[in-house]
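According to TrEMBL, the protein has these features:
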{"type": "DOMAIN", "residues": "A:56-258", "note": "domain 'ABC transmembrane type-1'"}
{"type": "DOMAIN", "residues": "A:331-519", "note": "domain 'ABC transmembrane type-1'"}
{"type": "TRANSMEM", "residues": "A:12-31", "note": "transmembrane segment"}
{"type": "TRANSMEM", "residues": "A:60-82", "note": "transmembrane segment"}
{"type": "TRANSMEM", "residues": "A:89-113", "note": "transmembrane segment"}
{"type": "TRANSMEM", "residues": "A:133-157", "note": "transmembrane segment"}
{"type": "TRANSMEM", "residues": "A:196-216", "note": "transmembrane segment"}
{"type": "TRANSMEM", "residues": "A:236-258", "note": "transmembrane segment"}
{"type": "TRANSMEM", "residues": "A:279-301", "note": "transmembrane segment"}
{"type": "TRANSMEM", "residues": "A:330-356", "note": "transmembrane segment"}
{"type": "TRANSMEM", "residues": "A:368-393", "note": "transmembrane segment"}
{"type": "TRANSMEM", "residues": "A:399-419", "note": "transmembrane segment"}
{"type": "TRANSMEM", "residues": "A:447-468", "note": "transmembrane segment"}
{"type": "TRANSMEM", "residues": "A:501-522", "note": "transmembrane segment"}
Amino acid sequence: MRQKVIFTVPYALWILLFVIAPLVLIFYQSFFNIDGQVTLGNYATYLTSGVYLKMTLNSVWYAFLITLVTLVISYPTAYVLNHLPNRQFWLLLVILPTWINLLLKTYAFIGLFSRTGTVNQFLQFVGLGSHQLLFTDASFMFVAAYIEIPFMVLPIFNSLAEINPSLINASKDLGASQWQTFTKVVWPLSLPGVKAGIQAVFIPSLSLFMITRLIGGNRVITLGTAIEEHFLTTQNWGMGSTIGVILILAMFIVMFVTGEGRQKGGTALMKKHRFTWGGLYLALVFVILYAPILYLMIFSFSAGKTMEKYHGFSFQHYTDLFADSRMITIVINTLIVALLASLIATIIGTMGALVIKDSRGTWRNSLLSLNNVLMVSPDVIIGASFLIFFTVLGIRLGFVSVLLSHIAFCIPIVVLMVLPKLNELSPTLVDAAYDLGASRWQTLSRVILPAIAPGIFAGYFMALTYSLDDFAVTFFVTGNGFSTLSVEIYSRARQGINLEINALSTLMFIVSLLLVVGYYFISKHSGRRNRIVAVKEGDAQ
Amino acid sequence: MSNNIMEFRHVSQQFGNNVVLRDIDFEIEAGKFYTLLGPSGSGKTTILRLIAGFDQPTSGEIYFDGQQINDVPANRRQVNTVFQDYALFPHMNVAENVAFGLQIKGVKKAETDRRVKEALHLVQLDGYGPREITAMSGGQRQRVAIARAIVNRPKLLLLDEALSALDHKLRVEMQTELRQLQRQLGITFIFVTHDQEEALAMSDQIMIINDGTIQQSGTPVDIYDEPLNHFVADFIGESNIVPGVMKADYLVTIDGQDFECVDAGMRPNERVEVVIRPEDLDITTADQGKLTVTVDTQLFRGVDYQITAHDQRDHEWKINSIHQTTVGAQVGLAFDPEDIHVMRYNESEEDFDARLDSYEEDD
Ligand SMILES: Nc1ncnc2c1ncn2[C@@H]1O[C@H](COP(=O)(O)OP(=O)(O)O)[C@@H](O)[C@H]1O
Ligand SMILES: [Mg+2]
């Protein structure tokens, strides 16, 4: 009983303070005007002034287009991937770019799309002339789709992989052609993945503001940019919150329409097919996914000052980077926040998973829904509502507010990584521990925790990457004195190309790669530990 | 009372509105091999969970060694369980799994090692200590689960469908081994199964459970030869069950034909059910048999032929015979008075036992 209380309190506090309170606050704030008076004026303005309605429609339209483009590219990708030998490896390659800081990928496109950038040089070379690419709707959508592709591929891939190969054989056996098999069997069975993908792409696309600002310039105005402007520039929090409430409503509608997305790894049998066209298509997708990253890396070694023309090999930008004490401080800050936040989130999140595992029925479902609120909320909403929350509590913006925010949005990630491991754990395993005389704490420390350790580890790791990658939430809750890498890159990128950033992104890419490799090594190693010991003991006998 | 290690008194268990156990009463004598036998869903696991202490009964008392233990948690009962899915800890190797209970008790390292080795020896897994659980076959895992339980020297060992996951050959082997192990250790075993052959082969005592109540308990021979009711007769072994009337003591009428039998103690002309086991029926010529039947089907099963036939009143008869017959032939069925067993409708186990005692004393 005591154990249960000890676990419930931190997790419940998190739900209360960082899930419910901010949502309530943003709703509450939407009834205040800029002078602090209670009013329905914000809603009236929203509904009557055409500007806001048009902006909302605009956002929905952009989000729709981005989602559509992403889906059209991702479905065939997932389909072809699924038929490859070693498909898990290729999937990893699709996911790898998500490990590169979002800001850096966006930044790469500033170079690629600029007036005299590489793409325009190419267009001129083939005789199509140079065009204004940056700050257009098309480039905005292209970059957004580029960023979102892996998030669409993953759930579709998983649902395709789950399809039992016998079903496909059965369909062919019953006389269906390849195409009929696809439309009548494969497509309907992969719909859960498609829905999960749409959910994962549409909602963030509604509220993009970083890509909008950097690539779309001030031409594209979305709900995201509007919220950012009202909170951080015009300081009209009431109107900002009103738009936030609209965005939350839109989010619920999307979730309702697409239903609960499932994400689960599959273990269907591998098939060895040769898809020449498929292979070509896949190669193209990989080129698109990796080109911007390589592009950044190549120019980090250029002696020049721009990403237009390569000026010969040089380590100049790396030397500049290491001499840039502001940047070094920020890197250290970012690391400290990420390490601390994911550690604390892992502890609270694991407790949360244990609490959810022990709960039943509607109570369990409510806990799960509350847990997932921060996972599905657009970053701007989290950022804006946390900003209100910290201001109300009188917490100064800076290290503490950033750390608390990162802990808050990392907790549900840990829960979602740990909970499946707990569910996999046979209930008789726990009974067996009691049966053999273990107390509750002994059962927890000797049986449950070791058995779910891979989940806890993965949770910590995911939390770490989310924290390192976060831009939007931090952007809202960081004051003037404190900055993280993403925020810093954003402000530098808004001032134009700076090859020091290229050097930084090369280093970060290498670190990300090492982390991935390390993650795979450790997760394999943890399973093998006993075996190594076993061999040694066996030798001794 | 003296030798009873475990006792249930009026134990009932209810999950929500679902009554799973009704008024269960039994006593377990120390040192014996008990089997709880019943179809799936009858409440066997529920009983084991109450004994182990994973659940508390809705009503009734559970005694262990004369002490009421309703509120004693599982980790403080001298009972160990071999789980149906083995429940081996996946993050520990074989030796670590077996040592778990001893480590929890704080037994010294040297002694732990010695006892783990001994336990692994008992289940014929010498030298397997350092192996990973994943590197063990189903039968080996089964043995590890048993070793992990017996190493704690429990007074009572519970085995829930312990052999059900094994293939037939291995299962039969393990039945013999388990029985030997129980004799060797002198620990009381309560073994749960839905397989009647397994129950008959292994047990000192069988408790037959259906729908949350104990139908009959006794030795395998008693239960096989003298089933209390239709359910038991049908569940244990194969049987021909036909309605009849008890004309007088030792005389039963089936379809107007009188047969001598060895049952007594019923009201005159009481309606009863008559059981004859298929292997007790012998096939002879039509004129020599007590019953005349027509053969419908015949299946060769290796040891014998399984034959079905029908009599003039269209009652179906199952016959197991080592001799072949011909489908469509008219044959006679011969049997002795001892081959007939008469069951009364709705007789309780106490009444049944009392009645049997009354006339068996007379003999
Ligand atoms: N925790 C529980 N909650 C609700 N019903 C249960 C629970 N445990 C068992 N039951 C029900 O009790 C009945 C008996 O179950 P069980 O003891 O597992 O049967 P057996 O082991 O004989 O197959 C089943 O109908 C089962 O659905
Ligand atoms: Mg059971």
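Positions of Cβ are set from backbone N, Cα and C atoms, glycine also.
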Among the ranges A:89-113, A:368-393, A:399-419, the one whose Cβ pairs under 8 Å to the transmembrane segment (A:330-356) are most numerous: A:399-419
Stretch-level contact, the transmembrane segment (A:501-522) and the transmembrane segment (A:399-419), CB cutoff 8 A, at least 3 pairs: no
Positions on the same chain near the transmembrane segment (A:279-301), where near means CB under 8 A and six or more residues out: 73, 76-77, 80-81, 84, 90, 93-94, 97, 100, 104-105, 107-109, 111-112, 118, 146, 149-150, 307, 310, 313-315, 317-318, 499, 502-503, 505-506, 509
Distant-in-sequence neighbours of the transmembrane segment (A:89-113), which means Cβ under 8 A and at least six residues beyond its ends: 77, 81, 119-120, 133-134, 139, 142-143, 146-147, 149-151, 153-154, 157, 210-211, 214-215, 282, 285-286, 289-290, 292-293, 295-296, 299, 306-308, 465, 468-469, 471, 485-486, 489-490, 493, 496-497, 501, 504-505, 508-509, 512-513, 515-516
Feature contact check the transmembrane segment (A:12-31) with the transmembrane segment (A:236-258), CB under 8 Å, 3 or more pairs: yes
Proximity verdict for the transmembrane segment (A:60-82) and the transmembrane segment (A:196-216), three or more C-beta pairs under 8 Å: yes
